[in-house]
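This report concerns only the one structure given below.
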Amino acid sequence: MSENPPTLFSAYKMGNFNLSHRVVLAPMTRCRAINAIPNEALVEYYRQRSTAGGFLITEGTMISPSSAGFPHVPGIFTKEQVEGWKKVVDAAHKEGAVIFCQLWHVGRASHQVYQPGGAAPISSTSKPISKKWEILLPDATYGTYPEPRPLAANEILEVVEDYRVAAINAIEAGFDGIEIHGAHGYLLDQFMKDGINDRTDEYGGSLENRCKFILQVVQAVSAAIATDRVLIRISPAIDHTDAMDSDPRSLGLAVIERLNKLQFKLGSRLAYLHVTQPRYTADGHGQTEAGANGSEEEVAQLMKTWRGAYVGTFICCGGYTRELGLQAVAQGDADLVAFGRYFVSNPDLVLRLKLNAPLNRYDRATFYTHDPVVGYTDYPSLDKGSLL
């Protein structure tokens, strides 16, 4: 007699971690870490969204002073930042959750106002992000992205080291692992996408060369903290901030093939692969909506192709509803499903999805504001007493 297919609420073993359900908190920038230091507001935010056996991925966390591209995002490159994160991690662990830190460098998706000494942001290229897109500045206005400075080959190794040290700091803070942000038009994506990367050295041109930087990061971080604590997020078909590729399907397969080979070489699997699918689109301010970037059938086929190629845990993300999440898991198209905006407005999202209860609407106007409560920790949870 065949077993029933898994659901969003089935248990799952992710490497060494036993999860009680498959609903994941997606990483989301929230701009509440004043002066880049995790504070009590972040402690409460992540505590609210923690469940026994649940899995959380933090917002993008800066690996170095040059990696910033938003106001008041947290870092993990100073002792004070590490100490701040310890409180967040402790709160999540007390609720029984597993929590990973997303390591982030925005590359050219920055501005001189965020850079040490007012320097130009770094990238694979000198091509700026087009004026279709705008960057949120510290005074809450929006500006134009400046021309970046292409990294020299030897400087790339310095950034690899920044990732390695940040990963070590994350483990010191108590995190269960780290996610390398290689998606959404940020630094590592700027090297992988041929619509951005115009280099003629060993980091440009062929798929092999364009994947070199991200694989160096994965190898360095894996050597520092253990392969099964490392995961990677990619978005081959997402064109956020002009991050276009001429053949997203092949790019995704190229990254996956190399990750599979690396896992075999290291003798241990990565924690997971996290893929944002083309249902994710964005307006010029980087605020996302589920939209039709290709037909639903094309979207589904891309994800099926990548999922089928990857050896290991596969997380999907990007505009998922309860129904789409249930379908993805039941059909084997994903092991886990990450939810973003509705986790912002529903700290008890796991319970609401399980009960098929109504969801609080999110307030887009407070996504990137700095109030420690409003639009951050003040969304109501279900009255559990009334459910008994």
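Backbone N, Cα and C define each Cβ position, glycine as well.
Listed features, source Swiss-Prot:
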- PRO27, MET28, THR29, GLY60, GLN102, HIS181, ARG233, CYS317, GLY318, GLY319, GLY340, ARG341: FMN binding site (BINDING)
- HIS181, GLY182, ALA183, HIS184, ARG279, TYR368: substrate binding site (BINDING)
- TYR186: active site, proton donor (ACT_SITE)
When distances run from the Cα of GLY318 (FMN binding site) to each of the binding-site residues GLY182, ALA183, TYR368, the nearest one: ALA183
Cβ packing number for GLY340 (FMN binding site), 10 Å threshold: 19
Pairwise Cα distance for HIS181 (substrate binding site)/ARG233 (FMN binding site) [Å, integer]: 5
Distance, ARG233 (FMN binding site) to TYR186 (active site, proton donor) (CA atoms, angstrom): 11
Between ALA183 (substrate binding site) and GLY340 (FMN binding site): CA-CA distance (Å): 15
Recorded FMN binding residues, PRO27, MET28, THR29, GLY60, GLN102, HIS181, ARG233, CYS317, GLY318, GLY319, GLY340, ARG341 - maximal Cα separation rounded to whole Å: 20
Among PRO27, THR29, GLN102, ARG233, which are recorded as binding-site residues, the nearest neighbour of TYR368 (substrate binding site) by Cα: THR29
Alpha-carbon distance [THR29 (FMN binding site); GLY182 (substrate binding site)] in Å: 15
